[in-house]
Structures are given as C-alpha cells and as structure tokens.
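Structure record follows, encoded as structure tokens.
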Amino acid sequence: MEFPIGSLETNNFRRFTPESLVEIEKQIAAKQGTKKAREKHREQKDQEEKPRPQLDLKACNQLPKFYGELPAELIGEPLEDLDPFYSTHRTFMVLNKGRTISRFSATRALWLFSPFNLIRRTAIKVSVHSWFSLFITVTILVNCVCMTRTDLPEKIEYVFTVIYTFEALIKILARGFCLNEFTYLRDPWNWLDFSVITLAYVGTAIDLRGISGLRTFRVLRALKTVSVIPGLKVIVGALIHSVKKLADVTILTIFCLSVFALVGLQLFKGNLKNKCVKNDMAVNETTNYSSHRKPDIYINKRGTSDPLLCGNGSDSGHCPDGYICLKTSDNPDFNYTSFDSFAWAFLSLFRLMTQDSWERLYQQTLRTSGKIYMIFFVLVIFLGSFYLVNLILAVVTMAYEEQNQATTDEIEAKEKKFQEALEMLRKEQEVLAALGIDTTSLHSHNGSPLTSKNASERRHRIKPRVSEGSTEDNKSPRSDPYNQRRMSFLGLASGKRRASHGSVFHFRSPGRDISLPEGVTDDGVFPGDHESHRGSLLLGGGAGQQGPLPRSPLPQPSNPDSRHGEDEHQPPPTSELAPGAVDVSAFDAGQKKTFLSAEYLDEPFRAQRAMSVVSIITSVLEELEESEQKCPPCLTSLSQKYLIWDCCPMWVKLKTILFGLVTDPFAELTITLCIVVNTIFMAMEHHGMSPTFEAMLQIGNIVFTIFFTAEMVFKIIAFDPYYYFQKKWNIFDCIIVTVSLLELGVAKKGSLSVLRSFRLLRVFKLAKSWPTLNTLIKIIGNSVGALGNLTIILAIIVFVFALVGKQLLGENYRNNRKNISAPHEDWPRWHMHDFFHSFLIVFRILCGEWIENMWACMEVGQKSICLILFLTVMVLGNLVVLNLFIALLLNSFSADNLTAPEDDGEVNNLQVALARIQVFGHRTKQALCSFFSRSCPFPQPKAEPELVVKLPLSSSKAENHIAANTARGSSGGLQAPRGPRDEHSDFIANPTVWVSVPIAEGESDLDDLEDDGGEDAQSFQQEVIPKGQQEQLQQVERCGDHLTPRSPGTGTSSEDLAPSLGETWKDESVPQVPAEGVDDTSSSEGSTVDCLDPEEILRKIPELADDLEEPDDCFTEGCIRHCPCCKLDTTKSPWDVGWQVRKTCYRIVEHSWFESFIIFMILLSSGSLAFEDYYLDQKPTVKALLEYTDRVFTFIFVFEMLLKWVAYGFKKYFTNAWCWLDFLIVNISLISLTAKILEYSEVAPIKALRTLRALRPLRALSRFEGMRVVVDALVGAIPSIMNVLLVCLIFWLIFSIMGVNLFAGKFWRCINYTDGEFSLVPLSIVNNKSDCKIQNSTGSFFWVNVKVNFDNVAMGYLALLQVATFKGWMDIMYAAVDSREVNMQPKWEDNVYMYLYFVIFIIFGGFFTLNLFVGVIIDNFNQQKKKLGGQDIFMTEEQKKYYNAMKKLGSKKPQKPIPRPLNKFQGFVFDIVTRQAFDITIMVLICLNMITMMVETDDQSEEKTKILGKINQFFVAVFTGECVMKMFALRQYYFTNGWNVFDFIVVVLSIASLIFSAILKSLQSYFSPTLFRVIRLARIGRILRLIRAAKGIRTLLFALMMSLPALFNIGLLLFLVMFIYSIFGMSSFPHVRWEAGIDDMFNFQTFANSMLCLFQITTSAGWDGLLSPILNTGPPYCDPNLPNSNGTRGDCGSPAVGIIFFTTYIIISFLIMVNMYIAVILENFNVATEESTEPLSEDDFDMFYETWEKFDPEATQFITFSALSDFADTLSGPLRIPKPNRNILIQMDLPLVPGDKIHCLDILFAFTKNVLGESGELDSLKANMEEKFMATNLSKSSYEPIATTLRWKQEDISATVIQKAYRSYVLHRSMALSNTPCVPRAEEEAASLPDEGFVAFTANENCVLPDKSETASATSFPPSYESVTRGLSDRVNMRTSSSIQNEDEATSMELIAPGP
C-alpha cells in the first residue's frame, strides 16, 4: 500500500469545496475510461492488486499524529479525504476535536441538502461532536435505569423517544438516508436505532395494552450502548464470527440430538407416566388419572411433592405395599418431561446435552424403564454432552483466535506503514542536512504550525522516565535500593527474552510490573547501546522489549532539585530526532526521486519543508512518549522534590539501617510467615467461640496489624515515598494496612464486617513469593483486562434479557404465581416480576440451570415465549459468550505460565532465605560428622572412576543451564573423580554453585536452545558421538536415571550404574578413552569427562536388556557399606546354590505366563469384592465361598511377593512404585485375614482396610499401554494440578472466611417433624430459638441447622464447592437470603441482596478457578507433547505440509475396480447400482424413513399406528430390494465394502423385527421390536460419506474418530476410579437412611446401585443429594439405634467420611478426568482443522485413485501418455489440471517407460508438486514415500524409464526441425538442379526457418541433449525424478514453454507419439 506523499505536507487538510467535488467527478470519469480499456486486457486485470482503504484512516479511527495538527477552524468542517482510495468516491471526511475520522457522502442528503448547505453542515457539526455521543450514551444509560423500575409514569418514555428521534433526524440530515455509501441506513447499528424508534411510534399510535411485545422492543435500546462504545463493536464482531463458525457444529449437534431423541422416543415413550396408585382403586379408571386432580390416590416420593414413579420390569423401581404400578395420563414436572413425542424427546436430549438437572431425568427414566438403560445415558453424556458441548468451546476458541490474529495483523500493517513514513522523513532530513539546513535549530522557529508544545517541556519528557531510579540517579548515594540486587542480573534483562508479540498498539497488560534494571531506559536500551534494534516502533517499553529508538541519556546534574537548571535551553541531541536505524524495506526508486527533486533548490520552501519534517518527527516522538508517560512532567518534578527525603546525615544513616533490615531475605520470610499465621487466625473464627478464644483472636489481629503497619513505615522510610509507591505491591500493602487501622479504630463502635473482609486480601500478599498464585492472579487480571469489553457485552446481554423477561412475563408471574409457589409462600423464589429477580433468573441460566425455571415460566405464561426466551439465553449466553470467556482464559495461558515464575531476573528473596537455612543445616551436619569421624574413623571406600555421558551442548547458551542444574565447579574442565561421601563438599565450600539462584526450568536457556538451535544441537550431538553408539549411550543414561536419582553434584557415576551392569563392571578399572573418531579437543566446554570407549559400553549393554537373565543385587550399596556381611560371594559354596535359585525365580517371574496369571488373579479378586454387598448376610453360601476365595487370593499374592523378593532383590523391588503398591495391598489382605482368624474382623478400621484391595486393578492396568499413557499424563500433570488446587483453596479461603463472617450461626431454624416430613415453622408461631423450645409441647419441634452451612471455614469450603458445581447451591442460597440474626427464625427473603455474594463468588471462585483446571490440563498436555514430540518440533511449516501430504499419500494404492459382469441383465443392474443417483435416492428414502419415525407419539390412534406400520413395511421392502439388487449385481464383491455389510445386517434385523412383531405380540413387553428400527437410524451415517461438501461436519467427526482411542483410555481409567469408589461406598454407606438422592434404586447397598450413583456424579450432578443423608448424625434426621438387616445398628451417616469420599471423587472425576476428556477433544479438533485446511487432504488422494481406477481397470499402475491429458482433466479439486493442459504436463518432465506409459506415483508426485509449489524438502520425503509405496505394493516389478515427457518433446521438436531442414535441402537441391528462376510461394514458406521461439530455445540449449546413459541407467522403484531428469532439468530453461506455446495446439495433437 503506497504511502501518500502529499499527506506529509503541512497543509494536509483542505476544505471540501464545490471544486473538490468537480475534481472527484473527473477522477471517476477517468477511472471509468481505464476500466473499459482494461476489460480488453483481462489478464492484466487479474494480476493488479485492487486498491484498498488505508487501515489507519478507517472511519471511527483516530487520525494519526504525523498527519499534522488540525487547525481549530477546520474542526467539524467537511474536508477532502486523505485516503487516496476515496479519490474516486463521492465522499468527504470530517474530524472532531479528538481527531476521530467520520466519512460522509458528498451527494445530496434526502435529495435536498448538498454538502455545502448550511442546515446539513450544522447537522454534521453536531453529529460528530464528542458531546453529542456523550449525551446520547448518558440518555441510554438513564433510560436503561428507568426501564428497570416498574413504578415510573408512562410520560417519561415519551421524553426518551423524542431524544432518540432528534438523534436520528440529525444523523439523517448529516448523512443522507440510505441510497449512497456512508448514509444512515448503511450502518447496521443504525438499523437497530431506527427499528426501536419506529416501534415506539407504532406502540404509541396503536394504543393497545395487549401489545406488550412492542413495548418490549424498547429494551433493545440497551444494545445501543454497543454502537456508542468503540471497543464493544470488535467483541460483537468476534461473537458474530463465532456464531457463523458454529454452523457446522450446530448441524452436527441437531443431527446427533435427533438420532438420540429418536432412540429415546422408541425406548421410553409413555414410560414416565407410570405411577404408584393405591391398590383398592378399580383398574378401568386408571386412564384418566391426573396427579393434579387426584393427588390422594398417589404416593409421593419421600421429602418431595412428586408422585413416585415405577416400572414393571424386573430391574426398574417398584411400588411399596398397598400400591400398584399403573400408567396414568400425565408426565412428571408439570407434564413437560417425557419422551412421548419427538419434540419432547428432543427437549429432554437437549437438556441432557447441557447437563441441566439431568440426574433427575436419569433417575426418572431408570426408575420407569430399568437400570439397563444406563447404557443409553452413558452414550449420550459422553458422546453427546461432553463431545458436542466441547466442540462448541473448541470452535468458539478458534474463532476468537482467528479474530485476534486478524487484529494483530492489522496492527502490524499499521506499524509497517508508520515505519515507512518515518524512514521517508529520515531520508528527507538527511537531504536537508546535506543541503545545509540545521534541523535542530528549527525547534525554536516560530513558523512551524505544528510545534504545539515548547521544546523544553518535550525535552523533559524525553528524559528517560524515572521508573525505579533512573540513569542519572546512579551517581547519587540515593540510588534505588530495589535495583541493587538486580544489578547482577543485567545480563538476564538484556539477554534473549521470549519474544513477546510486540506491536505498536499493544497495551501493557494490567498485572504486569515493569521494573527495569538500573541504567536501562524504559525502552530497554542500555545507555550507549546504539545497535539497531528491530522492534515495535511505537511501543516504547513493552514487557522486556527492546525499543527501536535508542536515546542517549541527557547529561543531568545529580541533584534532582536543580533539574530546571542549565539544561533547560540545550538543544536535544540529534539522536532524539533521528529515529535509530529503523529496519524498513527500502522504498522503490520512484519515491526516492521525489526527495531530490528541484523543489529543494527553492530556499524559503526548503526551510519550511525542513521545519515540517522536524515537527512531524517530534510530534511522532511526542505521541510515543505520551503513550509511555505515567504522569505529567510538572508532577514528576514536584514529587521528586517532596517525596525523596534527605534532610540530615542521621536520617540517611537510619535509612541505611532500615534499608538493610527491610531488604534482608529473612525479613521477607518473617513477613510471609506472619501472613500465613494471620490467615490461619482468621480461618479459626467459627460459630460458638468461647469468649477467651475470641479475645485471643482479637489480640492476634491487633498484633498483626501493628506488625504490618511497622513493615510499611520502615519500607517508606527506607525507600522514600517516591520509590515506595512505584511498586504496585507496596500500594496494595498500604491500602490493606490503612483499612486494617480504620477497622481497629471503628471496632469499638460496632462490628464492620465489610472492613474486616478487607483484611482477607492480605492472603494475596503471598503471591509476591508464590509464583503460581502470582501467575494465576495475572491470568485473571489479563483476562479481565481482555474481558473488559466481553464483560460489558455479557452484562448487556444479561440486562437485555432480564428486561425482556420482566416486560413480557412480569405480569404473568404476578397473576399466576400461585401455580408455582410453595403453599406457605406468597411468591415463588424465582420470578420475573421485578428486575432484580429477573436478573437472577438470567444469571442462573448462564450458570447452566434453565430447565426448571422454564417449566415454571411455561406454567404461568405463554409456552412459546418461554421456550424462545430461555433457549435463546441458554444458547447465546451460556454456549457462546461463556465459551468465549473460557477461550480468553485459555488464551491467557502460555506455555510455561504455571511452571516458570516471572522471568524478571529477580531472585526470589524467600528462596535465598531458605537456601541460607539449608546451607546452615549442611554446615552443622558437616561439623557434627567431622566431629564424630575424628572420634571413630569410618573406612573410606575407594573412589570409583565416573562414567559421565557428555552433554551435547557446545553453545554458550547452555552455560546458564549447566551452572544452574549441575554443580561442576567453576573451572569447566575435567573434574577429579571423587568418593560418594564428598558430594556436598564443593557445595558447602562454594554455596553459590547451585543454591543461590534456582533457575526454574522454564527459564533455563536450554529452552531457547531448543527453539532456535534444535537442529544445531542435534547435529552437534551427531558430530561428537557416532550415531550407533549414541543410542547405546542414551540407554545407559536412561538406565542410570531409572535406578538412582542423580544428585546435582555427580554425573551418572559408575557406582550408580554398577548394580544394573552386573558385578564384572565394578572390578575392571575402565579406561577413559574418548569416543571413536572424536578428537580429544572436541570435548565440549561444559562437559566433565570425555566419553568412555564405546566398545566397552557396547559390551555391557546387552546385560541391560529387559530379558536379562540375571537378577540384581539384593541390597543397596548403602546396606553393603554399613553392613559388609550383606556382600556375598556367589561363586563360592553355599551361596552359589542360592544364586541358582534366584536365577530360577527370576526366570519364572519374568515369564509372560506368570504375569498373565497374576493379572487374571487380580481381576478375579477385584470381581469378588463386588459381591460383598449389603445383602451378603442373607446369602450364606456366597459368603462362605467369598471367604474361601479371599484366603486363596491372599496366599497367591503373598507367594508372588516372596517370589519377587527372591528374584529381584529388595533393592529393585522396593524402588519400583508399582511393587510398593503391591506390597501395601498384600499387607492389607494379610492384616484383614489375620484379623478374621483372630475374630477382630468387625473392627471398623479393618473393614475400611479391606476395601483398599480394590486398588489392585491399577497394577494390572499398568501393563496396558493406553492406560499407562493416561496415568503418565496425569502423573505429569499432578504438580500443576496441585498448584492450581492450592491456589483455588487460597482463593476460596477468602470467600469462606467472608461467608463465616456473614452467616455463621444464622442458618439455624425451627422445624416441625411429622409423619417423616419436615416443614419450617411459620415466623408467626416461632421467632427465635427460645420460642422454639417453649412451643415444643408435642415434641415435634426441633431447632436444627442447615446441613451445609457457614459455621466454620471447613464447612464453608463444602458450601462453596456445592455453589461452584451448582449442585445443592439453591438450599444454601435460600438459607443465606432468609437469614436474619444468630438464633432467630429465618424470614422469607429478608436479606435479599445476599444473592450478590453468591453471584460474585460464582464469577470469581467458580468460573475462573474451575476453568483454570481445563487450562492447566491442556497446558500440560501440550508441554508433554513438546517433550515427546519428535520431528514435528524441528520441522518448518513448509516441511510439515509436505510431510503430511506424503504421509497420506503413502497409505494409499490403486485398487482394482469391481469388474462389470458379462451377463447382459446383471450388467444393466450393475450400471444402475453404481450410479451416484441411485445412492442419493436411497439417502432420500433413509431421511423419509427418519421423518416417519419422528411422527410417532405415545397416545396415537389405532389408525395412525396401522398407517405407520404399513409405511414401515414399505421401507423395509425398499431397503431389502436395494440389498438384493446390489448382491445380484456386485456378486461376491458385495461383501468387500463395510457399508454393504452394515446395510445387510440392518436389513436382516428389520425383517426379523417385522416377523417378531407379527408372530409374537406377547413378547412386546420384554422385547420392543422398535429397538431394531432404531438400528436403521445408523444408516443416516452414510449421508455424511456421500456429501463431500459437508467438509466441516466431516472434520468434526474426524476429530471424534481421532479422539476415540484416547477417550477410550480415559474412560477405562474413569471406570477404574468408579469401581474403587463404589467398593468403598458399599462398605461405608450401605445402611444410610433413604432420603434426598438416596432411595431404593440409587444407593450404596449393591455394586450395581453404587455404579449408578457414581456415574451420575461423574458430571457432578446430584452429588449434594447423595451427600445429604450421609451428613445426618442424629434425630430428627436419623435414628442411631435402628437395627439393620445385616446386624449393624443405626441409619445415620458418617459426615467426615462422606465429605472426603465425595469431594475427592468430584475432584478426580469431574475436575481432572472430565477435563482431560475436554483437553483431548480440543487438541484433536485443532489437529483435524489443521488437516482440513491443508492444501491436499485424504479425500484428494482418494479421489485421485478413484479416477485412476477408471483409466487403469487392470490395476497395472501405469497409463499411457496419450491418456494423461484426459486423466488430468477428469480429476476434481486441487489436483485437477484443466484442458488445455498438454504443455503443463509436458513440462512436468514425467518419466516414460517402454510403451509410453507413466507410473501412477510419478503422476501423483508431479501433481502434488504442482499444488504445493517447488520445495527443496521434497527429495528426502519422496525417497521415503517410494519405499513405503513399494512396501504396500509388492506386486510391482522394477522397470527402466527410458525417457521423460520433456525429453520426448525436445526430441520431437528436433525431429521436426531436421525434417524441415531436410525438406528445404531437398527443395534447394532440386531447384538448383532444375535452375528454375522463380520459387513457388508454398515452397518458400516451407523453406523458412523455424519460428523465433525455437531458435531462441536451441541457441540457449546449444542443441545439447543429455547422454542416453545418464538418464536410462537408473533403475528405480518406481522411478524418481532425479534418476530420469538429472541431466535435463538443470539445463532446460522455461524457454521450452515459449516454443511449445508457439506451436499450434492442434498440430501437436496429431503428432506421432515417440518410439521407445
């Protein structure tokens, strides 16, 4: 994009006059003329780039500063457009005071007002004025507030309508209405305004109260805020973009849900109507039972008002005695939950997908249909819910990233242009300098219209801003203390940082603390560092980014007070003005000439021009500085004067002492400990504290407050306020201390819990020393910053929908509230009658709970409105906007966010303090050791030579890593071998070696090495160690790592390795010879010891192999050292016999059969645990059998353990984690067995121990590869997960303590317990606790607490977990909202704004922290992939493209098509069946079949059933016919296609189901024939195969297919966890009372029932219901003395066990496993999308081979050259080369074999190359491919290519030339002979020379053709390009093409094909 030179003139801005309009008309006419001319030359037109509008001159943007100052008289006036793009458009621009660009049409507005009309100009001036938009914004906000009120008069509405009308009129007058560009209706935002106004008038004109719908549209006014606030439009753009992207996912979702809904319809229709009815009723009346009309004949489910559902199957729910299960007329939940018709089934499935109270539907369905249908729910939840919902997340994330990328690109484009402009200015300046004009002196020139601010002020600003002690302060004794300890890290600051994506318009992220080392200006450029830094021009000091404008610091006096002194008048050094060498692509010559044109000879003009250049540059710099400046210069100087305290030497001395004290690492440690202790004190508050305890807490609070105040005061004195307040942490401290002091002052007058909660923020001070917390807060900070606009959008959405709900449904809720409110309440909890409650409902929908409110809404209002409103909020708000939130959060995670602390180069003080303590500990230990060793000397073992594998690092970058992680001594040379005892000596002597600076792994420079020098590192490694030995060395290293953890002080010593290498290794002294072929000198800088002789290593390696037949040592070296008797000589008797025994055991243990046997036993013993349920005592035989098998298993496992001890030795056995697990579990079995024999088995701990045997399967699974991968991934993620868990706990601690402050003791209430039902005693009877005691005459009143409450911090955590998972949160919220004071009876919504506490917690505690789990797990996945990822990391993007294309190519080969039958009739059918039209017809029929299945309902008439039955028979007949036809035509080949087999099975099943339903009507109750019909639905999958167009959907399914293996592994692991937990649940909670979520079907009494419960809470659904009965501890909730059937007593739970059981299960399954599931899906979705965007996909190769089959029916893999042109044209997609294509094909230089045939692989390679373009990487990949192809096609014989197409063409042309020459020779000769005077014209033509192109070609070639020997010699498999074309392609120029083109295409067709 050209930079308009004119725009740099000083008179940039010209008024828009009639002349300007005439000029535009001329330009347009000229453009029209050129357009016509251009149409004649079509080809040129394509190549020209169309002009595009300039990015920084878009409407609504601010005009960049370098266009100059805008004169005051031109503000708001029409100006000529600066953007050259609009020079041919009838437009002009207007700038307001803030330099915002507005564009207007220069045509007449409303056909009346020209741009020069006074009225229109006034309107324009008003419309662009900033106050106008401000006024409108304020109006909108006021209007929004008014709309939330119900009590305001109607007239106010008219006022707003008038204001909006006025706004619209002004805009229409200024812009015109709609015909031309930039008119009013051309802006989509104005459509909104216009419709709002129109509807307002319609509503007023037709005064119908009924049209509340029209009044609702007023609400859309709130959306106008979007159009007024600029940043919001971008986010709305992203939203719309993501909604567009969701099209594919939406189709897939609807498709999947429809299929599932159909299955649900077939399986469950009518079932949910089954209820338990009193037995004495007459059966014939049952048809019209309705639970509304006759509630007394039903029995209700305990604790609810819902009738009890039941089923007639054996495994469904049963009725209690006296009741019978009958089908009634209505469904549960106001008749809205059912599968009775397709629509209701679809709604139920959508609810399952969004997982909203799905456990309720799950329980209802299983109760009525049977437990076996859990399978249906497993499929729907895992495939439907997890997969589809997360696909939405994946798509939204991707759309966001694309949008982000686009914005970044735009910014970069702007930046590039800006740099070009500056480059131009710089060149102008050079020219001026050459012409002798002093640019610096021009600063004082008054003539410059642009110099807005005086130079001195600017000079002030150009001084390096004092960020923390600026450059000049170094000289003064007061240099900033913070930076002294940073000085040593200057290297870090200036070294290579990770390239943050810098750009001009980046804003500093809110949480980022930019503090620079001393002597570094804010630009990151060191004084005197004048290298040219390529970087972002406008961004001065981004985070650690080097700015491109190196400024030399100005000479400054050391005293800041005299800053206004002599330097005031110095001209700034030129380096300020000349931006340093900015790296810009050079301008084209044309533009350079402009600078040196004759203008410069004109003296006055030159001066002015120079001035303008200078002032523009300075204004650019000003712009740059303003963006960086923190505060105005006058304030800076004032603050430096008054906030830096240096009054007298005593004071300075005090400062120095305090400085030492405050910066000491131990001070930081003390403060951190104080914060921790203070937090613990705050967390100890609880309900019912004793006065002494309370007093202790109070005193503690005072002490801590004093302590923190002292810390603050000391710091202020030590650092001076000026520097103290430049650190954000210090400001934070200061605020908290001030609030704490305030609270202490106010505490006497009454408790201010608001201020008390401020103290909680102290916890965040931990972030200073805890990097993860810091990072997390930053992530939240960053995303809140990025989310600022999104949050506003979300707020607007919530606001708009809340208002819509209030307007549309408010009245309905008021009038019909009795339908849905509880009997004793006036209002329901959730309603839309007022704005606040309406807002809460919308917020609740955003949390994912919509269905219950929707039922209530449908009960009171119009069903359609409710459905539309709730589903819209759900889809828009929850699925799109909330996922965009998550996308932003995930985006904030960068690779090492959580593992690496901030790399600001600052040593963490805490680490230093801890390191000092460590050193002290080591020294003490050493002193003690030396003291004792003097008194009793130890025998020192002989030092062994070390085996150190050389590090492959030559680069100096490695030094950092080496110094940090391996203590090698500072010399870097060889290290003396030393004994094992000395390993700490160098550390103690020189503690700086590895303790002082623990560099986190993320910061080590090795990462950089991986990034930029991956290949170097590899190649170096290969240089040093020959390839073969490398692997062996790695294996040795791995072995060493595996067996002994290496200490930092040693390499892998031979002693460490000895046990694994057998005895012999130790006895030899191994010579240290450098590796073969490597010189001594090549020893790398950081290595300790050169490599051992590889021969030696190779000799030892076999002994390391897995099938090593020799066992290890029994004992570790430590044992042998301390107890030499353990060292046995196995060569002497009697030990040699023992050795043989060990070898035998070893062989047994290592045998695969032994392993299989043990795994089988493990599975059996695990299975036996499943039988030990609640009813075991009623089955004596089973019990006896289990006891017996238990003993057998125990003995087997003990025997296995003993065998392994003997075989492996203790050392190996006890260093293996899996063996430890075994050991513990065997011990548990032993203990429980012993206890059984001693008759202690009923002791509770022993029973609990026995359940731990369920952990055994873990070991079996360690043998399964897939499972192990998941476990490894999990183990790898554990540190990060624990970190996040800890941070969550800290975050939640604040809310928990706050909850305790707000609600402790306020949840108690008086309840009435009658007939097993609980009810709250009305406030009129009981007011407080004492009333409850007094009124309790009947003994049925109880003063109880809500089970989950905020009485202490631990309970608070449980309550918060329920709120965060949205399970059970309602009861907690209701209790909080109803609470009054301690010991008072609650009152309905007495404390209504407590809802906000929960809203805030859900946003910060729930939303952010729980989604961090997804972030962390995904992050970890990516990191582990990086560690494991092989070639990917070292491949460029280009290489990857080729690699992927080739990968796909390799798996394919040509197949023989099914031969057409010879029989005439069969052939006819074959032609029909193989047509695409036939397939499409079948697809249409499948869809029709699906539709007829949708039509079915539960209560359909007999007639309808019959018709549907007939239709079904018709479809079965059609599909059978299709099947028969295909079998007839395709014969035995029919079964070679998977789809055909599938069809065949479906048809057989369909026929079977028809026969069954016809013969056995009686079987229907057991065996629904419709189930078979469900199978037919699977045929719909065929549609996806056919539609190549449905690429997006196929990508999504492809992602699913890719995810399946991983998901299966995760599922297995999840099953394992469920198994273990269900065994545990069976032993812990079998007898709990049935209430809430536990009943006769869902309980922990049998294994199956436990699994039902655990599957449900895998998604966290309904875990509160299962936990509730377990929290019962005594009356009235349960009876501890109730006898149970198995001999135990009581039906109470054990709260502690229950809470641990459920919280751990929720964390493992819901937070970790399910998030792994999400991570896999997101990952594979990205991969699949990348694959689908690649230029060549699998389909293209499939298509190639499909087309190939037609041209090569015998699958010979060759086609003739003559057929190639047609073949290339027949292909579709990117590989196709349309006709005329002969020239292109010839130039492809394809190898020919005898018979002019070409091999398919050659063609495919050439076509692939044609699509992907030339690339050097093809060669290696091609060779690779050929090998692969040969492997898959063994039939292929080698063949010799004898020529290539290009060679053939050349020979052909040569032949023609020779022929022509010969003909002319013959002609001349005959002429000479006959001596005829005149030559006939035709012969003259024939004799003429060949055309120009060919002559050029032959001259160029010198007519040299390659040797035959050179091409034909290579025999290849199949031929490679090189073998055939080596001699040619290097020499042949593209001139061939001209010769070929010049030849007539027609003649070339007739040419004779070449002979061999």
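For all residues, glycine too, the Cβ spot is worked out from N, Cα and C.
Between Asn335, Asn446, Asn454, the residue that has N-linked glycosylation site written against it in Swiss-Prot is Asn335. Comparing Asn284, Asn789, Asn1227 with the features listed in Swiss-Prot, the residue bearing the annotation N-linked glycosylation site is Asn284. Topology check against Swiss-Prot: Lys244 and Leu1274 carry an identical topological domain name and occupy the same side of the membrane. Within the set Cys178, Cys319, Swiss-Prot assigns Cys319 as the partner of Cys276, by disulphide bond. Asn1686 is the residue among Asn474, Asn1686 that Swiss-Prot labels N-linked glycosylation site. Reduced to three states, the DSSP call for Asn335 (N-linked glycosylation site) is helix. Distance from the CA of Asn1312 (N-linked glycosylation site) to the CA of Asn1336 (N-linked glycosylation site) is 9 Å. If you measure from the Cα atom of Asn1686 (N-linked glycosylation site) to that of Asn312 (N-linked glycosylation site), you get 28 Å. Counting in whole angstrom, Asn335 (N-linked glycosylation site) lies 40 from Asn1328 (N-linked glycosylation site) by their C-alpha atoms. Sequence-distant contacts of the transmembrane segment (1698-1722) (same chain, at least 6 residues past either end, Cβ-Cβ under 8 Å): 382, 386-387, 390-391, 393-394, 397, 1270, 1273-1274, 1277, 1281, 1285, 1358, 1361, 1365, 1410, 1413-1414, 1417-1418, 1421, 1599, 1603, 1606-1607, 1610, 1613-1614, 1617-1618, 1621, 1624-1625, 1628-1629, 1654, 1657-1660, 1663, 1666-1667, 1670-1671. Put plainly, the glycosylation sites Asn312, Asn1312, Asn1328, Asn1686 were compared by Cβ crowding within 10 Å, and the winner is Asn1312. Remote same-chain partners of the intramembrane segment (342-366), defined as residues 6 or more beyond its termini with a Cβ less than 8 Å from a stretch Cβ, comprise 253, 257-258, 260-262, 264-265, 268-269, 271-272, 309, 316-317, 332-333, 336, 373-374, 377, 380-381, 384-385, 388-389, 848-852, 874, 878-879, 1494-1497, 1637, 1641-1642, 1652, 1656, 1659, 1661-1662, 1665. Minimal Cβ crowding within 10 Å, among the glycosylation sites Asn335, Asn819, Asn1336, is found at Asn819. In this chain, the transmembrane segment (754-773) lies apart from the transmembrane segment (865-890): fewer than three C-beta pairs between them fall below 8 angstroms, excluding pairs fewer than 6 positions apart.
For Asn1312 (N-linked glycosylation site), the nearest of the glycosylation sites by C-alpha distance turns out to be Asn1328; the candidates were Asn312, Asn819, Asn1328. Taking only the Cα positions, the spacing between Asn819 (N-linked glycosylation site) and Asn1328 (N-linked glycosylation site) is 31 angstrom. For the repeat 'IV' (1458-1757), the model's pLDDT averages out at 85. Sequence-distant contacts of the transmembrane segment (155-174), counting only residues of its own chain at least 6 positions beyond either end whose CB sits under 8 Å from a CB of the stretch, comprise 104, 109-110, 113, 119-120, 123-124, 126-127, 132, 136, 139, 143, 146, 184, 190, 193-194, 196-197, 200-201, 204, 218, 221.
Between the C-alpha atoms of Asn312 (N-linked glycosylation site) and Asn1328 (N-linked glycosylation site), the distance comes to 49 Å. Residues 238-239, 242-243, 246, 354, 389, 392-393, 396-397, 400-401, 779, 783, 786-787, 790, 793-794, 797-798, 801, 804-805, 808-809, 842, 845-848, 850, 853-854, 857-858, 1407-1408, 1411-1412, 1414-1415, 1418 of the same chain, all 6+ positions outside the transmembrane segment (865-890), place their C-beta atoms under 8 angstroms from a C-beta of that stretch.
According to DSSP, Asn819 (N-linked glycosylation site) sits within a helical segment.
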